[in-house]
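Colleague: Starting off with a structure, shown below.
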4 protein chains.
Amino acid sequence: MSGNTFGKLFTVTTFGESHGPALGAIVDGCPPGMPLCEEDLQHDLDRRRPGTSRHTTQRREPDQVRILSGVFEGVTTGTPIGLLIENTDQRSKDYGKIKDQFRPAHADYTYHHKYGVRDYRGGGRSSARETAMRVAAGAIAKKYLAAQGIQVRGYMSQLGDIAIELRDWEAVDSNPFFCPDPDKLPELEAYMDQLRRDQDSVGARVTVVAEGLPPGLGEPIFDRLDAELAHGLMSINAVKGVEFGDGFGVVTQRGSEHRDEMTPEGFLSNHAGGVLGGISSGQTLIAHLALKPTSSITIPGRSIDVHGNPVEVVTKGRHDPCVGIRATPIAEAMMALTLMDHLLRHRAQNLDVEVSTPRLR
Amino acid sequence: MSGNTFGKLFTVTTFGESHGPALGAIVDGCPPGMPLCEEDLQHDLDRRRPGTSRHTTQRREPDQVRILSGVFEGVTTGTPIGLLIENTDQRSKDYGKIKDQFRPAHADYTYHHKYGVRDYRGGGRSSARETAMRVAAGAIAKKYLAAQGIQVRGYMSQLGDIAIELRDWEAVDSNPFFCPDPDKLPELEAYMDQLRRDQDSVGARVTVVAEGLPPGLGEPIFDRLDAELAHGLMSINAVKGVEFGDGFGVVTQRGSEHRDEMTPEGFLSNHAGGVLGGISSGQTLIAHLALKPTSSITIPGRSIDVHGNPVEVVTKGRHDPCVGIRATPIAEAMMALTLMDHLLRHRAQNLDVEVSTPRLR
Amino acid sequence: MSGNTFGKLFTVTTFGESHGPALGAIVDGCPPGMPLCEEDLQHDLDRRRPGTSRHTTQRREPDQVRILSGVFEGVTTGTPIGLLIENTDQRSKDYGKIKDQFRPAHADYTYHHKYGVRDYRGGGRSSARETAMRVAAGAIAKKYLAAQGIQVRGYMSQLGDIAIELRDWEAVDSNPFFCPDPDKLPELEAYMDQLRRDQDSVGARVTVVAEGLPPGLGEPIFDRLDAELAHGLMSINAVKGVEFGDGFGVVTQRGSEHRDEMTPEGFLSNHAGGVLGGISSGQTLIAHLALKPTSSITIPGRSIDVHGNPVEVVTKGRHDPCVGIRATPIAEAMMALTLMDHLLRHRAQNLDVEVSTPRLR
Amino acid sequence: MSGNTFGKLFTVTTFGESHGPALGAIVDGCPPGMPLCEEDLQHDLDRRRPGTSRHTTQRREPDQVRILSGVFEGVTTGTPIGLLIENTDQRSKDYGKIKDQFRPAHADYTYHHKYGVRDYRGGGRSSARETAMRVAAGAIAKKYLAAQGIQVRGYMSQLGDIAIELRDWEAVDSNPFFCPDPDKLPELEAYMDQLRRDQDSVGARVTVVAEGLPPGLGEPIFDRLDAELAHGLMSINAVKGVEFGDGFGVVTQRGSEHRDEMTPEGFLSNHAGGVLGGISSGQTLIAHLALKPTSSITIPGRSIDVHGNPVEVVTKGRHDPCVGIRATPIAEAMMALTLMDHLLRHRAQNLDVEVSTPRLR
């Protein structure tokens, strides 16, 4: 398959460039009979939308999504769901300068070598704008999963040097950072203000979890649940690392410490992050992502142009000083899409499985 | 697709349980006309094979692979390559005790809930023994890539608390740890001996790199090169984290520090690990994996049985005290398989692309 | 994969209901650098469009297609191509009556049992209107193939009892029947006029051919070229049979008659229809399709409603008395899409193959 | 995906050349908990096996299949099922002569141009011997389907000019022709004897049906049930045409005749062959296949060699004078594999669908 489809049974195929006329997606394989309307998708799109605080890019896109098919009289029909967002705030004149230059740490150089041609306006297809469609599609998956008692949500767990602990899920959506610890907000605000003064950017760490999962999701040996989640999460712009549970912390752990012992009352710990042998255990599924600092900064950088000549690049325009800030809804979407696909795949093969063994949490 | 196939154009489908009669694989999509014989596969199989030092499991399997099709008069024919390894050292009586118990941190509990039945002998399909077939298939990919000037190799970069630096590629295959720093060997030996006395296990970090890659491999937006590598590497038993280049280190980096500037002489750094926008840049591709400590240890652990009753589990048998030790050839295989698949996918779409821009390293 | 994607490397995913707001498609995997504009697609869309003669449905849709992505400064960029056609002439009130009834020979009954809900307006997703997107996508494939010297075209080879021979390719596009024999036109006109007076419909046979194919396309053993063409052609509404070359005629042939002997000057016959062992031979590729008579006729028919009660169904509205009449551009599109996909698949694996043996026609 | 895998959820991947060491397959996605043993597969393998009457090739292969994985303590475990048949009667010396020649109507010429190299012994991968693995895998699907009340079976419906009607299902397995009309046997015997005297071969028509299907199987719009069946059936060696229900007969039908009217007591006819809009209707599914005459005959034929020189080819060796004779179990297998895959795909998406409308037959 070409690279713009995600999933096997519940699939999302997307199109669209940053400064083209529109972004779109086709969601195929959605079970019929689920109530669905545009507002269901708009909620997460608004969470991802730029321009909602001074800490994100000031590009203003209403990101108004239309459902063009697959929903009839308020419920899904089982046929493919067509989604469309028109691009309204394009300002392509801002980007003309970089036509022949490769911005460092961007995809300009690699797209050029891969395809020979590229839509240089705003990064074209490699722009983070593309993620709007992931969020719209993910909202459909989230809604179906929620009806099964499965909740997917995320938060920023580190911004630069500032580690953030999960103190209050309620707080996450009430600040522009998706920060789950209200006490950290002043520090985050100050940090971002300084960053802007420095005209620089910074990395971040985002955590996504799913609760209420049944044991059994995941298709060993190659399509393990964690392997496919890693695929989905690593496919998000700027992500450089993905880990589950204790993640890279396991390197220094001993087996006697790492193993999550079980009692009839439940698991005694969750170092594994909810996956054993590539299959969900029923514990909370926990993934962490590392996002690199925004590549678009106004500090001049050395590069070359398409002719191989040295150039100095200064990236103007409106950019997020930390791409990680708006990444939480996107990470949630990719987790929801992966879980949805695996829910369908699991029941296809294992519909008749019945075990009397109790399920632990 | 079901979960036992990896790749889109160059595909590997495997079967086999730890204590069944045989392991096998079908490698489909291999270009015709490549010289290939069983010795080409055996080399990496022998590197992965257990029982070659006192630091790995003493299970002794010759792991002798047979090529059953797809090769004629010494060259590949383009038809599927059937591979088979007979299991010889099965000793299934060792495992009878765990029939009704779930070993902590193993896949017993999750396989039971997913499938209702499981081959409990030696972990069945969830055993690391399955990885032999990945290594055999990976050797085919490695050979093709090598002929294109692409070299895939790996090493252990950390064992428990002992960080290891890449000092000497030559050293890697001359010690049982795949350790690239000969000076570290006494420390590693001592560490492992202590671990065995403690009857415990430990985690590890493995690094895999590819050199000689052309720019352009990877299929945005979902099948980015790093996303598919993450899929492949995370699908290896015991892997809990995957990162590229500076990986989780990017969280605290600034954009001005992270971006790899370019000059006509080449990239000035490689924080990105050889991937930009999900496409290979032509720099060295660098991935790191975190492997959890072996779950099979003789220290008793709490668990439940299939009826939900509490039990105390002691895992006997022959086990690696650090699964990371033998993981290097497996990680190389998964990287090689992914690159091979992407080489074919890239040229399918972009065969006619010609750019005059020089390629940087 | 869900069922609304066609192809492996050059893929088309479509959405849209007959009376929904729009139809759309995403074409992924198109090689970059090909000149492409909306007019390229519009030509075939206009050939398929209803309402152009009195022998097809009088529904009037301009079927104006928009390219929303994947094309920049007049050439394809290698990123997914988003296509959209707004539905303008919907008249959904015409169809309200059949909400709870199953029209005989339609998909009403089967969609109802499969999905539980269905968009009953104009057949919803099962309407032949869906094929507009196949034609638009097929035009992209046709253009690429043409640049490789491969020409795909078709014609009506039988209407009811009237067999039609290929006399003049030029004539095909100058009459509403895609009839390649101008002398047959009066007979066809008279036949259709009588059919309309009878308020009945009739079947047809359509032939599609590709010339200029290289030998080598097709991926045995399951994805043979003829097998995948059969898949694509049989997926067109109303098609009940597909055959290659002499097709069902081979049943009574002897081996000495059927085999296409070869001489240095070329093949001596083409009973095989251009495929041997599932791989193109370089001869003209020939496929024939059988299309059933339109199910929507005004002669009352017996059926049941959703409650299982008997009803009499009269299908009003605007319908083609012979769906086969407009099927030629659709069949061409499915052949072009299949060939395009196989061209890419073939060169991915077999790029380096060189043989000195001459190619025969 | 490469071309040697069939299915999406219930997948079969095969390998093996006619004169290589073995044939094998991996069946992935089989539901767990189904009793399965080698005898279940052997039954159909024996039905397909050559050498059981004087009317088929005298090559003698025991075709003894081994199950190498995926079955434990007599039931499937949900993990991939590895299958292996060793080739025992290879006699490769018979085939040395054709090393540099292209036999007319064989795949020699096309494999040569596609791959550059080919295993010329007995046709290599293009030999009908490959179908043994389809039959073995199909037997697994058949067993699962049977437990759901779905029965797949076939028969020869025409041999050369001799049309055969379905008179007695019981008779099919009691004669070497899979002929359902015992009265026709003397005529068939005489016909075949004459054919052998003529040293020629002849085509055949085979019919396959499935009874007991629920309505709802099939995934529009591209993966319609009939489209995927056409794919699977057309992928069988020598098949040149596939049709459903009245097939090519619909070309001359009128809509008022073709449509299968419904009453509360059931459908009044089955012109459609059990599929409406690409979805099973619950009626008997009926497919017909056209198989070309065996290409290997001893009557000399004109051809060229790999250097382009004219040669006269005489195909010696042991061959079926009518490949259609042994095709029935293969066609059943491909239908069973397709239905099995669609059963799983359907329930993945539509598990929760409930309709009160009665199901018709």
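In case you wondered, yes, glycine gets a Cβ from its N, Cα and C as well.
In case it's useful when we look at the structure, here is the feature table from TrEMBL:
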- A:Arg48, A:Arg54: NADP(+) binding site (BINDING)
- A:Arg125, A:Ser126, A:Ser127, A:Asn237, A:Ala238, A:Gly277, A:Lys292, A:Pro293, A:Thr294, A:Ser295, A:Ser296, A:Arg318: FMN binding site (BINDING)
Colleague: Might you list, by sequence position, any residue in that chain lying six or more from A:Ala238 (FMN binding site) with a Cβ less than 8 Å away from its Cβ?
Modeller: A:Ala128, A:Leu291, A:Lys292, A:Thr294, A:Val323, A:Gly324, A:Ala327
Colleague: Can you tell which of the binding-site residues A:Arg125, A:Ser127, A:Ser296 lies nearest to A:Arg54 (NADP(+) binding site) in space, using Cα positions?
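Modeller: Sorting the binding-site residues by distance from A:Arg54 (NADP(+) binding site), the top entry is A:Ser296.
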Colleague: Compare the C-alpha of A:Arg48 (NADP(+) binding site) with the C-alpha of each of the binding-site residues A:Arg125, A:Ser127, A:Ser296, and give the closest one.
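Modeller: Comparing Cα positions, the candidate nearest A:Arg48 (NADP(+) binding site) turns out to be A:Ser127.
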Colleague: Quick test of understanding: given the binding-site residues A:Arg48, A:Arg54, A:Ser127, A:Lys292, name the ones whose C-beta is under 8 angstroms from chain B.
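Modeller: Going by the Cβ criterion (under 8 Å to chain B), the qualifying binding-site residues are A:Lys292.
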Colleague: So which of the binding-site residues A:Arg125, A:Ala238, A:Ser296 end up next to chain C, with Cβ to Cβ under 8 Å?
Modeller: A:Arg125
Colleague: Using all protein chains shown, find which of the binding-site residues A:Ser127, A:Thr294, A:Ser296 scores highest when you count other CB atoms within 10 A of its CB.
Modeller: A:Thr294
Colleague: Relative to the Cβ of A:Arg125 (FMN binding site), which residues of the same chain, six or more apart in sequence, are found under 8 Å away?
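Modeller: Long-range Cβ contacts: A:Gly16, A:Glu17, A:Ser18, A:Tyr111, A:Asp119.
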Colleague: Taking the binding-site residues one at a time (A:Arg48, A:Arg54, A:Lys292), which has its Cβ surrounded by the most other Cβ atoms within 10 Å?
Modeller: A:Lys292
